[in-house]
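According to TrEMBL, the compositional bias 'Basic and acidic residues' annotation covers 15-27. What TrEMBL records for 65-197 is domain 'AAA+ ATPase'. Taken from TrEMBL, the feature region 'Disordered' applies to 1-27.
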Amino acid sequence: MQAFLKGATVQSTRSQKDKGATGPSTEKKAKVVPWVEKYRPKCVDEVAFQEDVVAVLKKSLEGADLPNLLFYGPPGTGKTSTILAAARELYGPQLFRQRVLELNASDERGIQVIREKVKNFAQLTVAGTRTDGKPCPPFKIIILDEADSMTAPAQAALRRTMEKESRTTRFCLICNYVSRIIEPLTSRCSKFRFKPLANRIQEERLLEICEKENLKYTKESIEALVRVSEGDLRKAITYLQSAARLNNDKDVTECAVIEIAGIVPPKMINKLLQICFKGTFEKLEDAVRNLVDEGYAATQILSQLHESIIDGDINDKQKSVITEKMAVVDKCLSDGADEYLQMLSLCSVIMQQAFQNT
Ligand SMILES: Nc1ncnc2c1ncn2[C@@H]1O[C@H](COP(=O)(O)OP(=O)(O)OP(=O)(O)O)[C@@H](O)[C@H]1O
Ligand SMILES: [Mg+2]
């Protein structure tokens with residue numbers, strides 16, 4: 001049995017994130033660890049806001065069986081952290097390496113890997129006790145992170161493996177877009193949706209970090225962080241760290257947050273809209289050129305324009321025409337179209353609509 005388990009260590013593939021987290025600490029340079037890693041939940045209880053999944057995992061930590069899991073939801077909401085924390089609690093630090101196989105998008109996950117690596121790992125049988133004598137579940141966990149980037153044939157190859165090895169292995173699939181996981185796989189798993197974190201929870205976490213890092217902050221700066229990160233706690237923490245680095249005395253100001261998040265000052269957006277509504281095409285061209293030359297990302301301008309248009313006082317028909325154009329522009333931008341031309345074409349449509357009085 002021990003030989004079996006040792007064999008498994010060789011196969012366990014560690015994630016890039018893990019390497020990033022443990023690398024610097026082994027060199028005793030704890031300060032170099034990014035805060036997202038430093039404050040990654042160590043146990044399931046530390047995972048904030050995702051009550052459903054935490055409840056299920058806690059039940060299984062108490063000894064109940066674990067179903068196959070499918071976590072989905074937007075980035076930075078705690079999916080990877082939750083399963084890693086649960087696995088650590090289940091197996092303890094020593095057995096963790098042997099019992100958990102983590103594959104993410106940085107590993108090759110074509111059909112060949114599913115056939116060989118996953119299948120071989122799944123077939124190993126394991127004991128129900130830890131090396132320290134404590135009981136632990138008699139199964140292994142295979143984490144397939146970023147599963148939505150797996151090819152359909154690779155996903156299909158998982159179907160039978162998942163069923164056949166259910167006695168010894170549990171799978172945890174993690175993805176952002178659940179629609180990209182094939183139906184037969186979703187039906188084999190308990191699905192858990194990870195919600196974007198509520199503003200209050202994000203605020204609490206950020207304040208906690210500020211305190212631990214001895215940061216000086218203003219209420220407005222934390223509010224700005226929560227606002228720009230839109231429920232993505234990873235983004236909020238990363239911005240917080242950058243904002244703290246920006247000012248040497250560890251001051252976090254609202255200005256710094258806005259600067260780092262690359263938000264276009266609302267004044268500029270308002271000016272652009274005013275030109276669309278009252279100005280001439282030449283002025284519009286200048287204003288758009290100016291915005292793009294300032295280096296603001298077109299997608300950022302787009303999302304801020306979107307907010308203003310939705311709240312603006314034009315009629316519903318005009319709003320619908322403009323937002324439809326926004327969707328097209330968004331697609332073009334993600335396909336790599338020219339930012340200036342796309343912004344100009346969007347603003348032209350806004351102008352056209354503004355000049356229509358119906
Ligand atoms: N619910 C949460 N509770 C506590 N911390 C969280 C939570 N969600 C995110 N975080 C913080 O954000 C960081 C990133 O979280 P994690 O890697 O789990 O996100 P993810 O959901 O896997 O995102 P992605 O879809 O991009 O892989 C963690 O290190 C942690 O600091
Ligand atoms: Mg993840």
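Cβ atoms here come from the backbone N, Cα and C positions, even for glycine.
Any TrEMBL annotation is an automated prediction that lacks curation.
Per-residue confidence over the domain 'AAA+ ATPase' (65-197) averages out at a pLDDT of 87.
Counted with DSSP, the domain 'AAA+ ATPase' (65-197) comes out as 57 helix, 26 strand, 50 coil.
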